[in-house]
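What TrEMBL says about this protein:
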type: BINDING; residues: G23, A24, G25, K26, S27, T28, R134; note: ATP binding site
type: BINDING; residues: S27; note: Mg(2+) binding site
type: BINDING; residues: D45, R69, G91, R150; note: substrate binding site
Amino acid sequence: MEHTEAGSLNRKIERVVLAGFMGAGKSTVGRLLARQLGWQFFDADEVIQVRNQATIAEIFSSGGEAVFRRLEAETIHSLLVESHSVISLGGGALETSETRELLLTDPATFLVFLDAPLDILLQRCEQQPGAAIRPVLLEREKLQERFARRLPHFRRAHLIVPTSGISPTETAMKIAAALPVDKTIGTEKVGQDLEHQN
Ligand SMILES: Nc1ncnc2c1ncn2[C@@H]1O[C@H](COP(=O)(O)OP(=O)(O)OP(=O)(O)O)[C@@H](O)[C@H]1O
Ligand SMILES: O=C(O)C1=C[C@@H](O)[C@@H](O)[C@H](O)C1
Ligand SMILES: [Mg+2]
């Protein structure tokens, strides 16, 4: 596991956001992590579909990828007001630069990249129901290119968690253990307690 420089700063975290390619485990781990922390859970892909009353496949086929990316960016932006929440992104969300910068610079957001090699990710996706109609999975010849293009964005996350060979529960536990602590508040509290004693 690897913290980037920004990821090792102690600060008050209101939101954990999970990023990674399709099959990385964002939805599975996000749900488990939210339960562990007692926080709310949002899956950006689900929220997009509910708000637009259309499946992702329908949005791709009616408006193309560009329309989907705009709806996706708006949805993620709107979720960033929620506190005590775990938010799982779609696999391509960090390709939108505004989303990327927002998630990396918002002081209350902790961005986690769930990492695994492409062959393992594809095996996981194939085992899931609905694999046959997923727009990005269907464009086989472009997958390697998408993966390579996204990797540098993912690797800027505050925390990188390799997920091969471990379970979703273990992955969620590792993230919970690596969350920054809010030392500032702790110090103030200690200071206040001492003042009361004097
Ligand atoms: N260590 C692990 N962490 C997370 N998921 C794992 C792990 N090992 C195996 N898996 C499996 O991989 C699959 C990940 O699927 P999931 O839908 O959570 O991915 P996702 O990142 O949300 O993908 P998408 O971008 O398609 O929404 C699940 O079936 C999960 O059980
Ligand atoms: O990798 C991608 O580009 C995608 C991943 C899914 O989570 C969905 O957001 C959608 O199918 C696009
Ligand atoms: Mg998902």
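Easy rule for this one: first residue shown is 1, then count along the chain.
Cβ coordinates come from backbone N, Cα and C, glycine included.
Farthest C-alpha pair in the ATP-binding residues G23, A24, G25, K26, S27, T28, R134: 18 Å apart.
Every protein chain considered, the tally of other Cβ atoms within 10 Å of the Cβ of D45 (substrate binding site) stands at 19.
Proximity of the binding-site residues (A24, G25, K26, S27, T28, R69) to ligand 2: a Cβ under 6 Å from the molecule is found for none of them. A Cβ distance below 6 Å to any atom of ligand 1 is met by none of the binding-site residues R69, R134, R150. Residues K26, S27, taken from the binding-site residues G23, A24, K26, S27, R150, are distinguished by a CB atom under 6 angstroms from ligand 3. Note: the substrate site is recorded as D45, R69, G91, R150; in the same chain, M22, E72, L89, G90, G92, A93, L94, E95, V136 also have Cβ atoms within 8 Å of that site's Cβ centroid.
S27 (ATP binding site) sits 18 Å from R69 (substrate binding site), taking the CA atoms of both as reference points.
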